[in-house]
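Heads up, here are the entries from TrEMBL:
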type: DOMAIN; residues: 76-200; note: domain 'Nephrocystin 3-like N-terminal'
type: DOMAIN; residues: 225-384; note: domain 'Nephrocystin 3 helical'
type: DOMAIN; residues: 396-634; note: domain 'Nephrocystin-3 TPR-repeats region'
type: REPEAT; residues: 536-569; note: repeat 'TPR'
type: REPEAT; residues: 644-677; note: repeat 'TPR'
type: REPEAT; residues: 686-719; note: repeat 'TPR'
type: REPEAT; residues: 728-761; note: repeat 'TPR'
type: REPEAT; residues: 770-803; note: repeat 'TPR'
type: REPEAT; residues: 812-845; note: repeat 'TPR'
Amino acid sequence: ILGCEMIELEGKDLGNKEESTAPEEVFGDVLWDAHDEQEQMEAFQQASSSTCELGFEKYFERLNDLVAAPAPIPPLLVSGGPGSGKSLLLSKWIQLQQKRSPGTLILYHFVGRPRSTSSESSLIIKRLTLKLMQHSWLVSPLTLDPAKLLEEFPRWLEKLSARHQGSIIIIIDSIDQIQQAEKQMKWLIDPLPVNVRVIVSVNVETCPQAWRLWPTLHLDPLNSKDVKSLISAECNSANVKLMKEQEKKLERHCRSATTCNALYVTLLGKTIACAGNRGNIDETLQQCLQCQDTVSLYRLVLRLIQESLQNDKEKELLREILCVIGVSHNGVSEAELMELYPELSSAVLASFIHSLHKMCLLTYGCGLLKFQHLQAWEMVRLEYMEEGESVISAYRQKLVEYFTMQLSRDRVTWRSADELPWLFQQQGDKQKLHKCLLNLFVSQNLYKRGHFAELLSYWQLVGKDKSSMAAEYFDSLKAYEKSCEGEESMVCLADLYETLGRFLKDLGLLSQAVAPLQRSLEIRETALDPDHPRVAQSLHQLAGVYVQWKKFGNAEQLYKQALEISENAYGAEHPRVARELDALATLYQKQNRYEQAEQLRKKSFKIRQKAARRKGSMCGFALLRQRALQLEELTLGKDTPDNARTLNELGVLYYLQNNLETAELFLKRSLEMRERVLGPEHPDCAQSLNNLAALYNEKKHYDKAEELYERALDIRRRALAPDHPSLAYTVKHLAVLYKKMGKLEKAVPLYELAVEIRQKSFGPKHPSVATALVNLAVLYCQMKKQIEALPLYERALKIYEDSFGHMHPRVGETLKNLAVLSYEGGDFAKAAELYKRAMEIKEAETLLVGGKAASRTSSSGDAFSLKSTLSPNTFLDPGQR
């Protein structure tokens with residue numbers, strides 16, 4: 001969110017506050033999960049965190065030789081036993097390559113625990129493809145079908161590598177942890193492009209037989225010098241000095257294949273260092289000498305941690321925590337553990353985590369606690385789950401009950417969607433899994449985060465084919481629509497229809513995808529404005545279906561409408577505009593209109609280059625780190641326009657997270673700084689005033705909101721052009737506030753001004769003007785001024801009919817409003833005629849989507865000026881940079 005300009009916020013439907021729209025900005029229509037990307041960044045940092053390189057120089061030379069070798073060359077296999085240092089070697093070499101050869105593109109993926117998200121083959125391939133697309137500035141449709149994704153990857157690699165000026169190195173660590181790795185990664189046996197090198201690491205025991213013929217770099221056991229160096233480093237860090245005899249015992253012990261690998265020796269050193277602090281090195285040393293592999297040494301470490309605990313209650317809690325983490329899909333957060341075990345105090349949990357992290361049992365990934373190494377996970381299973389599946393099932397059931405309770409509270413977070421269906425799958429409970437999948441928000445969460453293959457696998461487990469799945473989703477959505485009343489639920493409903501349409505399109509069910517996408521478009525046109533950016537999103541998605549259907553004329557018209565809306569909403573140099581240009585260029589290329597396609601691609605390329613320089617790397621991570629570093633500067637530094645803008649953005653971020661008190665502090669500081677630096681009449685001050693007003697409106701402090709909106713409007717009227725979007729924004733929301741407060745007379749001139757602004761911006765016959773006319777007519781009806789309202793409705797009706805045709809839902813709603821006016825005026829015959837026409841449109845709409853549609857506007861209610869918990873950004877000021 002911090003990576004977004006303020007001008008983007010009005011158009012973004014952030015949905016669940018944990019989600020971000022940034023991935024779609026970077027990758028066009030391809031959905032991607034920022035959590036997955038963050039997990040990879042953290043895995044790389046963790047793997048490379050060791051300062052000891054264990055004589056890796058000889059391995060570095062071999063890896064360098066591979067990169068320099070002439071093509072064609074098969075992948076290089078880095079093999080070794082568990083804990084031999086493969087991840088450390090690869091991460092250190094990546095760092096060296098990035099320094100020595102900045103022109104080389106290095107793509108890496110660290111596979112975590114088996115059956116975790118990081119081991120999902122289709123997500124790995126999609127991530128690598130998207131990274132290649134990002135670096136080659138190519139935006140192109142990408143299938144989400146798992147089988148097609150794997151099949152098409154070699155062609156993508158060939159195509160994208162040809163666009164890259166330099167070498168490409170692909171590194172996949174622990175590739176053998178992927179289920180059916182040989183089948184899912186069969187692209188590895190194909191000839192690689194001349195500038196592509198691939199390096200994969202495997203455990204010796206689990207390496208597929210066919211891969212053993214590849215060039216192999218095997219990590220040797222540590223020699224006595226490396227063993228001594230590692231143990232000394234751990235002891236020195238704890239200020240522990242070993243006696244000569246103790247050093248000799250350790251050196252003699254670490255000579256077998258299982259006791260001289262990097263992980264075993266590191267863990268051994270940490271254990272001895274801790275014993276030195278307790279003053280019982282000899283006793284602990286004797287216990288360590290009985291451990292002949294890493295798992296048995298982990299068991300000793302766990303027993304020593306248990307002995308340090310104060311009572312049996314803490315020991316039992318430690319057991320529970322480790323087992324719950326062990327049976328989860330991707331780990332468990334501290335907050336979740338506190339809720340799962342209310343008797344667990346924060347101090348005790350912090351002590352547990354400190355000990356377990358220090359001794360290489362647990363680590364953090366995306367804020368979740370998970371096992372640092374596979375051997376630690378295996379040890380917990382042996383130590384606590386020896387009774388087998390019944391114990392594992394009991395702990396899974398505990399997590400099932402926890403996340404099910406969250407769903408019952410309408411809390412469909414990414415964590416619920418991540419864990420609950422997977423737990424049902426592991427339990428083999430098809431009935432509950434089926435019910436969970438029909439929770440529209442769970443499926444939406446998985447789909448919008450790009451976990452298409454995972455969602456598909458769940459449906460396959462419950463025995464449903466694509467058509468059955470589509471029908472069940474559609475039935476669930478129709479049932480949900482019947483309960484939709486009010487603004488919030490209608491916007492949410494539009495999102496669900498869009499998700500369903502996109503999902504069906506990705507399944508190849510094009511004819512079934514049209515209806516939900518069309519329904520989403522109609523709801524947004526009515527609930528928002530016809531020129532709202534979310535309407536452009538619907539137009540774009542619907543056009544994509546027509547492209548696949550080869551109905552290019554329909555697609556071109558929809559893409560052009562989406563482009564016009566995006567340019568008006570965001571400006572001509574926004575990534576959303578680039579997306580529409582790319583889509584049109586692809587369409588023209590399919591029609592052999594190459595010259596037009598090339599012009600649009602060049603224009604898009606320039607926009608994306610500027611956006612990349614402004615926003616930093618993927619999903620705003622670079623900017624996020626930069627903003628975090630700026631916090632201290634904001635506290636202690638000078639008053640500057642940039643610092644004031646950052647404070648404003650932080651205030652918006654906290655507002656979107658519903659942390660209103662903190663948001664108020666940042667927004668106030670931003671306003672005060674801008675008034676000092678820029679002067680109280682500067683347009684940037686109006687932006688801060690507008691955002692503060694939105695916050696007070698949220699807190700129902702309407703008097704404060706009114707004062708701030710009025711000040712913002714006064715500044716913008718004097719500083720901006722009469723048709724400027726920011727002026728229109730403030731006019732719109734102050735008018736809505738007046739209406740909410742019952743100050744209808746004060747609202748009238750603002751609604752009239754809104755009509756004028758839209759006429760200047762879009763021309764007198766644009767649908768957005770009709771929406772403004774309807775809003776003004778509704779206000780007059782509330783003031784019992786039906787005579788003034790009538791011509792406004794009639795003019796709006798004419799615009800809607802000319803723009804959308806005589807059977808559009810917008811036309812139907814306006815006819816219904818006119819029918820009400822005619823009835824109240826005593827013209828019953830005309831009212832009946834108008835109402836009949838409205839119902840004909842309604843029935844046609846119902847037939848289109850296969851179910852009853854909810855009513856959205858009447859003469860007693862405003863055309864939706866949206867403010868909802870699902871879309872809090874609508875009341876925030878787009879502002880200017």
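Positions of Cβ are set from backbone N, Cα and C atoms, glycine also.
Please situate the listed features within the shown structure.
Looking at the domain 'Nephrocystin 3-like N-terminal' (76-200) alone, the prediction's average pLDDT is 83.
Long-range contacts of the repeat 'TPR' (536-569) within the same chain, counting only residues at least 6 positions beyond its ends with a Cβ under 8 Å from a Cβ of the stretch, are 10-11, 13, 29, 141, 494, 498, 501-502, 505, 510, 513-514, 517-518, 520-521, 524, 576-577, 579-581, 583-584, 586-587, 590-591, 725, 761-762.
Long-range neighbours of the repeat 'TPR' (728-761) within the same chain, counting only residues 6 or more positions beyond its ends whose Cβ lies under 8 Å from a Cβ of the stretch, are 10, 568, 686, 690, 693-694, 697, 702, 705-706, 709-710, 712-713, 716, 722, 768-769, 771-773, 775-776, 779-780, 782-783, 862, 865, 875, 877-878.
DSSP states for the repeat 'TPR' (812-845), grouped as helix (H, G, I), strand (E, B) and coil, give 31 helix, 0 strand, 3 coil.
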What counts of helix, strand and coil residues does DSSP assign across the repeat 'TPR' (728-761)?
31 helix, 0 strand, 3 coil
